[in-house]
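Worksheet: one structure, shown below.
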Amino acid sequence: MSLLAANSHSMSEEEIDEYSDGTVKLRNANIELMDQDILYHLALGSESHDLHEMFGDVKFVCMGGTPKRMENFAHFIMNEIGYKLPAGTMLQDISEFSYRYSMYKVGPVLCVSHGMGAPSVSILMHEMIKLMYHAKCQEPIFIRIGTCGGIGVEGGTVIITEGALDAQLRNSQEFTILGKTVQRPAKLDEKLARELKSLASHDDPYDTIIGKTLCTNDFYEGQGRLDGAFCDFTEADKMAYLEELRDHGVVNIEMESTIFAALTHHAGIKAAVVCVALLNRLNGDQVNAPKEVMNEWQQRPQTLVSRYIRKVLAQKGQLKNMFGHQGLFGHQGSIKSPRRFKLVQQESQAHE
């Protein structure tokens, strides 16, 4: 059997996605043979940091494009679940020394920025999945919170993805591994999507819908925009394409859902994608809403996700009396080896 076949095949029904205690099981035996697993782009390491102490209680990993959005969500969810920081402390960007992604921990909720597009998301997802493994997190739930362009839906509409499709309308993500093409299913958890939809309120001044999401490799030509630096198609071509998408049940377009869905599914992690439409692409290509309107719209998927987190924590009796511990916020209390910690910082900075 070739190296590619040995390492990239889908698991058989006999293989399990997680250990019996619900912790994440990696599909890479090489990790156990390493002296230390350095998560370069997070500025963390399996031997430099006590990852179980730092992240072992994480139940929800919420991801979004920009560092500022996820910092805002961290403060928002802290208020929503009643999480109290120790006196004299503040939320800290745990991955600040990576200079790439941001990460904030609010009790059982980890808030992480993933950048734009599949390559950026892929790098983060590999290291987040490994982080869940090293931290021995039990049954973590990953949720992407983002923005998108709507198809036949107005700006401000919250969209929960029921199926992530690539640019060829396949429910999969294509990878090139050792020069060979590998297709992995881009599956999200249907039950989780329905649970999120059930938490939409009739009092919300906007619609929350479920539909298929088209994931493209770029923002302009790949999404049929007329306003890029290049455009070799007509407006009629564009409209025919968007109508074809709508006929296939596609209600929005973004650039991260298939890679997010494929990697969480491959890791056996329950996941969902919740976005807000910034415009109806049938009416134009440019986002013209005022900044204050955009800010309010981007709060909408965060509100829905916070309702879900509150519901789950309440069902487990974990919503009240949530207090942080001092060690995490200064990092020093969770460092296992100062020498290795310095090495991790140097390695992360060297991989700019």
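Using the three backbone atoms N, Cα and C, a Cβ is placed for every residue, glycine included.
Please treat TrEMBL annotations as automatic predictions, because they have not gone through curation.
If you check TrEMBL, you get these features:
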{"type": "DOMAIN", "residues": "59-310", "note": "domain 'Nucleoside phosphorylase'"}
{"type": "BINDING", "residues": "R100, R144, I145, G146, T147", "note": "phosphate binding site"}
{"type": "BINDING", "residues": "Q223, R225", "note": "substrate binding site"}
Candidate with the highest Cβ count within 10 Å, taken from the binding-site residues R100, R144, R225 = R144
Can you tell me how far the Cα of G146 (phosphate binding site) sits from the Cα of R225 (substrate binding site), in Å?
-> 20
To what whole number does the mean pLDDT across the domain 'Nucleoside phosphorylase' (59-310) round?
-> 97
The record names R100, R144, I145, G146, T147 as the residues that bind phosphate; what is their largest Cα to Cα distance in Å?
-> 20
Between the Cα atoms of I145 (phosphate binding site) and Q223 (substrate binding site), find the distance and write it as a whole number of Å.
-> 20
Quick one: Cα separation, R225 (substrate binding site) versus T147 (phosphate binding site), in Å?
-> 17
Whole-number Å distance between the CA of R144 (phosphate binding site) and the CA of Q223 (substrate binding site)?
-> 20
Report, in whole Å, the straight Cα-to-Cα distance of T147 (phosphate binding site) from Q223 (substrate binding site).
-> 14
What is the number of other Cβ atoms found within 10 Å of the Cβ of G146 (phosphate binding site)?
-> 26
If you draw a 10 Å sphere on the Cβ of I145 (phosphate binding site), how many other Cβ atoms land inside?
-> 24
Conformational class of G146 (phosphate binding site) under the three-state DSSP mapping | strand
